[in-house]
Structures are given as structure tokens and as C-alpha cells.
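So the structure is just underneath, and the comments pick up after that.
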Amino acid sequence: MQLTMASSLQPWFLLLLLPLLSLVLSLAAPAAVFNDNFVAVGGTDANHLVNQGTSVRLVLDRSSGAGFSSKVAYGSGWIQMRIKIPAGYTAGVVTAFYLTSEPEYGDHDEVDFEFLGNVEGKPVALQTNIFLNGKGEREQKFDLWFDPGADFHEYKILWNPYQLVMFVDDTPIRVLKNLTPGQFLVRPMKIRGSLWDGSDWATDNGKYRVDYNRAPFTAVLQGFDVYGCPATGGAPCGSLSLSWNAIRSLTPAQEAAYKNAKSKYMTYDYCTDKSRPNFHLPGECNNN
């Protein structure tokens, strides 16, 4: 009965239900703690990844950064995390929340939120990137309409066979349609978070580097419930999967918010960068 009801609803209406369903599920059960679904993979000395149950502090200093990974890989999902990045002078510091297949390098799939630190008085750039079959170079950058180091905000990824949508709070900032059925993000991916030194490229192409005299730099991440379909083994998909896997498009209100975010806050788009070596317009640029 649940499957019949979900399949009869319009996909755009299902997308409206996602935030409500997330809220209902969060009220129905205690929030997951870090150890339920995640494990430390970097900075495991407890000084760089500080596990506080329902939140984790990632710390970068001269000796190390920190990172974590979901215990299992997923084949689709409604993935979200609340993040407060390091504040103040953060040039060279990269805070990342992303999905990746394994091995993480070479021929792999990846979906990135990356916060690129900056000098004081200048905005932190949010860069998104997508790797398909090992090929990335699909960067888009935004100067957000708020300071991501001042408070927590939600960063979300809707991933299903039809599309990938990346949200900041409830605003879509990136949409990638599936133009190649059977080849679109088909590898199982794990959920990752990390804080690391990107001095060589992150701030003005490496002009400003991490100043360790200002360390430690600390990011805090919350929200360790995972609404996803494990690729192999693990717990079966919850009822929410019926809605996320059916969504094929944005709602009209989300489409308007998406266009507004791109026109007002996007500072770089790989689709329009004709200065790139061997530039050619990727096929997805005409359909997203």
C-alpha cells in the first residue's frame, strides 16, 4: 500500500515532503550518534576528531587534520549534515562534506561540498564539484548569503536514478540531470567529512596559505542519521526511500530559488569558463 501511494504522487510533490518527512523521522526516534553510522578515518588520536555523540569537532593544526566516513556505502539517498565551519582567518583551510566511491582516487564517482577558507573580511567560497567515471573539473563556486562560520546550516544531497540536487538549507544550488541511464553515479558511495590543509590551491590559487599561528581551526558537524539505501548488506531502506527515488524535478518554488541563487551568488561556473585548456561545452551544461 505504501509503495502504491508513493508511486501515484507527483515527483515535485514528493520533493516538498522530504523536509517534512525528515522532521517526522527525527521526532519519532532519537537522533543518531556518530558511532551509529560513521567511523573516524583521519585524526584518530581523539585530539583532532572529537566525538561528542550527536556532534563531532574536526580540528586542524600543524600536526594533522581530521576526517570520517560512513560505515557502509549507499546507492542513493537523501543525505544531509549540519555544519559550522571554522571562523575568522581561515585561508588555505578546506572543510569538506562529500560522497565518494572507493577507491577515492582514479576512476571513481564523487560529489563535493567544499568550503574554501579566506582571509578575514573576505567571504568563504562554497565550491561544489562532481566526478563522473573519474573525470571532475565540474566546479561551481558561490559566495553564500550568510557567514557559514557564524552558525550551523544544513547541506543536503538528493541522489537518485533521475538527478542529483545539492541544497544549502532548503535552497537548491546545483542540479545534475541523468542524461546517461546506466552510467550516472552508479557506483556505491560513502559519506565523508574532513578538515584539511589546501594551501596549495584553496585561497586565491595558493596565494594565501594556512597560518598555523592561528591554529587550531575547528569545524563542527551534526546530524548523523542517514536516509539512504545501503548498496550491499546493512539495514534495508526506510519508507523515505520511496519518495526520494521518485523525484525527477524541482518544485516551481525550488526552481525559482535555484535560479535566484545562481544569478546572485554564483561566482564561477565551469560551463562558462572558456579560459580552461581544451574548453568544450560539456553535454550536461545544456540540460541543467
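Each residue's number is its place along the chain shown, starting with 1.
Backbone N, Cα and C define each Cβ position, glycine as well.
Taken straight from TrEMBL:
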SIGNAL    1-28  signal peptide
DOMAIN    3-221  domain 'GH16'
ACT_SITE  Glu110  active site, proton donor
ACT_SITE  Glu114  active site, proton donor
Q) Relative to the Cβ position of Glu110 (active site, proton donor), how many further Cβ atoms are located within 10 Å? A) 20
Q: Report, as a single number, how many Cβ atoms besides its own are within 10 Å of the Cβ of Glu114 (active site, proton donor).
A: 19
Q.
Can you give me the average pLDDT across the domain 'GH16' (3-221), rounded to a whole number?
A. 89
